[in-house]
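According to TrEMBL, the features are:
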- 142-224: domain 'CR-type' (DOMAIN)
- 155-162: repeat 'CXXCXGXG motif' (REPEAT)
- CYS155, CYS158, CYS212, CYS215: Zn(2+) 1 binding site (BINDING)
- 172-179: repeat 'CXXCXGXG motif' (REPEAT)
- CYS172, CYS175, CYS198, CYS201: Zn(2+) 2 binding site (BINDING)
- 198-205: repeat 'CXXCXGXG motif' (REPEAT)
- 212-219: repeat 'CXXCXGXG motif' (REPEAT)
Amino acid sequence: MSDYYQTLGINKTASQEEVKQAYRKLAHQHHPDKKGGDEKKFKEINEAYQVLSNQDKRAQYDQFGRVFEGGAGNAGGPGGGGFDFNSFGGQNSGFDFSGLNFEDLFGGFGFGQGSGSRKKPKNKGQDIEVELMIDLKDTLKDVAKKVSLSKMAKCSRCSGAGAEGNAKIKECFSCQGTGWVQQMRKLGPLTFSQDAVCPECKGEGKIPEKPCNVCRGEGRLRQTEEIEVMIPAGVDTGQTLRIDGAGEAGKRGGQAGNLYIRIAIKPHPLFERKGDDLLATYSISFSLAALGGEIDLEILEGKKISLKVPEGTQSGKVFRIGGKGIPHFGSWSRGDLFVELQVITPKKLTKEQKKLLEELRKEGL
């Protein structure tokens, strides 16, 4: 049982005009009224044309191929150009297909692509996603970080071409450059003619005459690389940075994938981040809270600044220090630092301290 495309001598990606031209040429050559004509061959050509010249019938043929009941011959019949699944499940079929979803069924076999949508599998490299843990302090300014990756990288011997030396890249002999071959599959009493990715060229349609001795013709090898990436100021946990072309190399010079870096920020022992603001808690003595004064605060940069504490400051009082938070992403401005003061009550007192507090209590404090 010949393939309709082979009968007309065309590729499966042929346009309708190419189908028509091939038919006219072969029909003229094998017409039974012509000397040396072949009636059987002419009927085969006509049958193939009736299917491939009709968009709907061609799509069905590309999806399911020729389907026939074992030993029953061509289920579509000459000129039928397709297969009527409704004919199954009848009294003489011996197999009940009622309620069977053929689209779901054939999906497991790779069916479902018509000639117009059939494409060669892409040889673009895969994208890579990694998590990068950084310190909170790293978000204050642009910072360079090194990232170690295990990925498929371009073969240095053949520069990604997949060919040894000056060997040429030729059309795959197995699929004639289409990237697809036909396979026969059985499902119960049915046999299906199905398109499958060519195992010889992996769907690319081309193979090197002499494959590279190092990468065996793939044009890439798994390697460990360390790359330096620039992390912009103001990034936050959960943000993802994309670096075009830093993913895995494509097969035989194909386009490289992208690298996606997912940011995670380590917890800080003093500061808590809320958006682009920072929160910190400091402890002060009862006397400082009551009498007022100044304390030295450490900011995220590691520097010290002075905070004036007013007289009578209550525990839990929050002070805002403008511009000492995290930079707004993509901007020079920064969030704020919020400092909460907690008044500490001493657990142990000396005799002198107790005496002084007793005097203060007498004064109503």
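Any Cβ shown, glycine's included, is placed from N, Cα and C.
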Outside the repeat 'CXXCXGXG motif' (155-162), six or more residues from its ends: residues with CB under 8 Å to it:
169, 208, 211-215, 217-221, 249-253
Sort the residues of the domain 'CR-type' (142-224) into helix, strand and coil with DSSP and give the three counts.
0 helix, 41 strand, 42 coil
Taking CYS158, CYS172, CYS175, CYS201, CYS212 as the binding-site residues to compare, which has the smallest set of other Cβ atoms within 10 Å?
CYS172
Mean pLDDT across the domain 'CR-type' (142-224), rounded to an integer, is what?
84
For CYS215 (Zn(2+) 1 binding site), just count the other CB atoms lying within 10 A of its CB, please.
25
Please list residues from the chain of CYS198 (Zn(2+) 2 binding site) whose Cβ is under 8 angstroms from its Cβ, counting only those at least six apart in sequence.
CYS172, SER174, CYS175, THR178, GLY179, TRP180, VAL181, GLY205
Taking the recorded Zn(2+) 1 site as CYS155, CYS158, CYS212, CYS215, identify the other residues of that chain whose CB atom sits within 8 Å of the mean position of the site's CB atoms, giving them in sequence order.
SER156, ARG157, SER159, GLY160, ALA161, GLY162, ALA163, GLU164, PRO211, ASN213, VAL214, ARG216, GLY217, GLU218, GLY219, ARG220, LEU221
CYS201 (Zn(2+) 2 binding site) versus CYS155 (Zn(2+) 1 binding site) - Cα distance in angstrom:
18
Cβ neighbour count (within 10 Å, all chains shown) around CYS155 (Zn(2+) 1 binding site):
22
An 8 Å radius from the center of the CYS172, CYS175, CYS198, CYS201 Cβ atoms defines the neighbourhood of the Zn(2+) 2 site; name the other residues of that chain inside it, in order.
PHE173, SER174, GLN176, GLY177, THR178, GLY179, TRP180, VAL181, PRO199, GLU200, LYS202, GLY203, GLU204, GLY205, LYS206, ILE207
Alpha-carbon distance [CYS201 (Zn(2+) 2 binding site); CYS158 (Zn(2+) 1 binding site)] in Å:
18
